[in-house]
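To start, the structure under review is shown below, and the notes come after it.
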Amino acid sequence: MSEDTASGRITEESDRSFPGVPVRYIVGALGLLVLAALPVMADMELGLGVPGVFVLVIDELFLLDLTVALYFGMFAMSWDTVSGYTGQISFGHGLFFAVGAYTSALLNLGHGFDPILSIPVGVVLAAVAGIIIGVPALRLRGPYLSLVTLVAPIILLNLFIFRSDIFGGELGLSPGPENFLGYGVGQASMVYYVALALFVFIMAVLLLVTRSDAGRVFTAIREDEDAVASVGLNPAKFKIFAFVLSAAIGGLAGAMYVHTPRGGATYSELFSTTVNVEVIIAAVLGGMGTIVGAAIGGIFVGLVPKLLDELAVEIPGFVPVFGGTSVSEIDFLIFAVITLFLLYVLPGGILRAVIHGGQRARGWRRGDEVATDGGRPQRVITRVVGRWREQLRGDDDE
Amino acid sequence: MSSEPEQGTTAGPDATDATPQTESYGPDDGILVANNLRKEFGGLVAVEDFSFAVEEQEILGFIGPNGAGKSTTFNCVTGFYEPTGGTVWYQGEEVTGKPSYEMVNAGLARTFQHFRPLHDRSVVDNVALALVEDSLFSFSGLRGGTKERAAQLCERVGLADDLHRLPDELPHAGLLRLELARALATDPTLLLVDEPFAGLAGSEVERISTLIRELREEGLTLVVVDHNMRGLLSLIDRAVVINFGSKLAEGTPEEIRNNEEVQRAYLGGDL
Amino acid sequence: MVDPTVSLQAAPSTVLVQILILSSLYALVALGFTLIFGVGGVLNLAHGANITIGAFVAYVVGVQQGLGGFAGLAAAFVVTGILSGVYYLGLIKRIQDEPIMVMIITLVTAVAVEEAIRFVYGSQPKVLGLLSGRINLAGSTVTYTQLFAFALSALLIGALFVFVNYSRHGKALMATSMSHKGAALVGIEADRINLVVWVAAGALAGVAGVFLATRQGASWAMGRTPLVLSFSIVVLGGIGSIRGSVLGAFVVGTLEVLTVQYVDSSLTGLTPLLVLVVVLLLRPEGLFGRELVEA
């Protein structure tokens, strides 16, 4: 009797939450199709219809910019896995990006490894860095863990400067490392397709992980670690898994980036505070704890400053630098201000705002429609450090 | 499963006051045994050489005034705190200082006094989490089986109508039921229930007591912690009273009711 | 951030003078961060930006307008305090119950301020002076500016300490830091207390920025190291405790001076961070943090 009603309720419920294929999946698939079709539209001009104003030409330059943005999107997804899902806010994710990139570049330049070999080594070392930082840091919670992630890259950066003979110091490694599979500026479409394929693959992997049981445990850890332990799950195991997975993917993004025609192994590109900050901005703008949102945010953050560069005709002297710190100084400032504004208006991130806007427009009433990633706007963000405060003030529960 | 030692010392109320600290337990004195358990915070001794044993399939009351060290003892036994000294055995095996998730997997579950639901998901999803395997690559949750099982458990504790509510929408008693369902989902042999009756209305106390009794009938051993004896004494088979971190008395509800030490600790008021 | 020129010989008293001067500056740097963290429960990652703003206000008023170092210092104190208050009212107040939002917004603000300053003033450091001349103290050459910075830092910290512990507003502030709910119950308006704290934190950071700029020049990225320092000091000293922060500042200052004196000046800034990590791993609640005690 009782079993019938219980399972009956469940089925009824799942029927209701899947009325056909949700619009957001269709939109996502369309987005990927557009990305895949871009190289075919080479030399087309997209604009506002007014000649000379905000015209975007899809040329090799643009494809390379987009490639870099895709790797940054990958990096943002890796941040989201650990910070958005398990709530361990990482302030120094650039460390993994840099470890992956420098390892691969050094192996390639110093020892003649082909990028196809050196990149996996970079990924492994980034994962090892994840273990080195993550395992001891597991004893720490909330702001203390974030402090370690804030400090770790600074320590590593100091070591890099200390041993400039190996790491090239402020100027970076010169000449730059080889291109992946030898695809240079001339084969921009290939460079782009490699990035797109990897981007889709990583997104699929992360979606799978975060939508599996492990993902549910991640978000539960974000809510209440003790409650997770009290149902027989080892929070440390899941946290370290998220941390190392995230580190490895961050390393992969860094290593791949460094072997694009655009990438160089300088620490301002790989390591600067800007990289650490931008990845947070990207994931938060897109929506923490969604993966897809982080990916969109990453592409946005990676691309917009460049577009600002290229579209604003008055600013001469285009120098492609990853992360928006280009010679046209003002773009990152504008970008930061736009971000502040968006954060102020859409605190839950762009993705959630769009989904919720769409749902409202179509008259859906259920509040937990974004339930696949377990969070309503704002609340993910609110809670993570809501927990911090309790820990800082001494948990009066115990 | 002999239980001679504590039977010997707790034969009468006067025996308990005489030598409560000298008794000593071994691994086979009960399903859960703590011997000379001690926990210090800095200089503060919260639990002082405290020993007790839980017998199989009993409902043991764990009673003490606020601040007596109940929750600390509880946290030491369930692996949330590492004890400063002493030994804990569970089903004959030493488990002192084992992390909480291992204790749970060994069959010792707990509820929290201050309810700790996961606020971001529905009641049934809260329970479903407890059914997730402690394994990184598990997709059982995606197949729907766990949700059904979780729904059954919710029904078992009386949350059938609240499956898809958020915990924040539940009344106080509902949150307690959720805590119980989540603990039951780990398939425990022994369940520690922390202060279930605090803040409950009289009728609710009765309903929860009935639920606890039913669970015992189904084979569970239960330890119920409370600072208030009124609702508790009618529910339990046996009680251990703790005050200032050490054992004050032990015995049947009747013995506890008549124990002068206990009456004094409660200023004669709460019995 | 230690001035390497003053540290070639190493008599203990010399080292002590260096430690006192550097640590008091660090205490001043960290105080605002501590206050906001302690009372508001949020991490103000724009704290470094306040320091930078302070330095540049002093530069504009003192050097560009030619009104002199002390007018610049006063302007830094006032303007940064006001800006910080306006920032709180305009942006932070609305989201102060969401610490992560505060963190991210202040982080982005910090980046925006850095970029704006770099755009307007360029990336060359600006020289800032207060007093000229130097004095020999226990075998250590100390500039009058450093001496003045030490004295004013000590004065400001002392004043804050007295304010918090003995004035009515100060007690309300401490009450808010301990329990928002409890403070509200006795009629303390958390919002007003928070505004006071943000203004005070800004003003103190402005002054700290001027002193830092007299040591190393004012530059757009000068706020980053102090931010990390503040974070470290707060963790070492325990959350929201002024006394703890001063102690934490002395630990960090001492380590930094000792590193420069006896190890390698190129490792400046690294040792305190390493020690911090070690401390965090051994005592996650901080050196002087509160211990968890059951109620």
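Positions of Cβ are set from backbone N, Cα and C atoms, glycine also.
Now, the feature entries from TrEMBL:
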TRANSMEM  C:15-39  transmembrane segment
TRANSMEM  C:45-63  transmembrane segment
TRANSMEM  C:70-88  transmembrane segment
TRANSMEM  C:100-121  transmembrane segment
TRANSMEM  C:142-164  transmembrane segment
TRANSMEM  C:195-214  transmembrane segment
TRANSMEM  C:226-250  transmembrane segment
TRANSMEM  C:262-282  transmembrane segment
If you count Cβ pairs under 8 Å, which stretch among C:15-39, C:142-164, C:195-214 touches the transmembrane segment (C:70-88) the most? C:195-214
Stretch among C:15-39, C:45-63, C:100-121 sharing the most Cβ pairs under 8 Å with the transmembrane segment (C:142-164): C:15-39
Beyond the flanks of the transmembrane segment (C:100-121) by at least 6 residues, Cβ under 8 Å: 42-49, 52-53, 56, 59, 87, 91-92, 220-221, 223, 227
If we skip the immediate neighbours and take only residues 6+ beyond the ends of the transmembrane segment (C:45-63), which ones have a Cβ under 8 Å from one of its Cβ atoms? 29, 32-33, 36, 69-73, 75-77, 79-80, 83-84, 87, 103, 106-107, 109-110, 113-114, 117, 121, 126-128, 201-202, 205-210, 212-213, 218, 220-227, 230
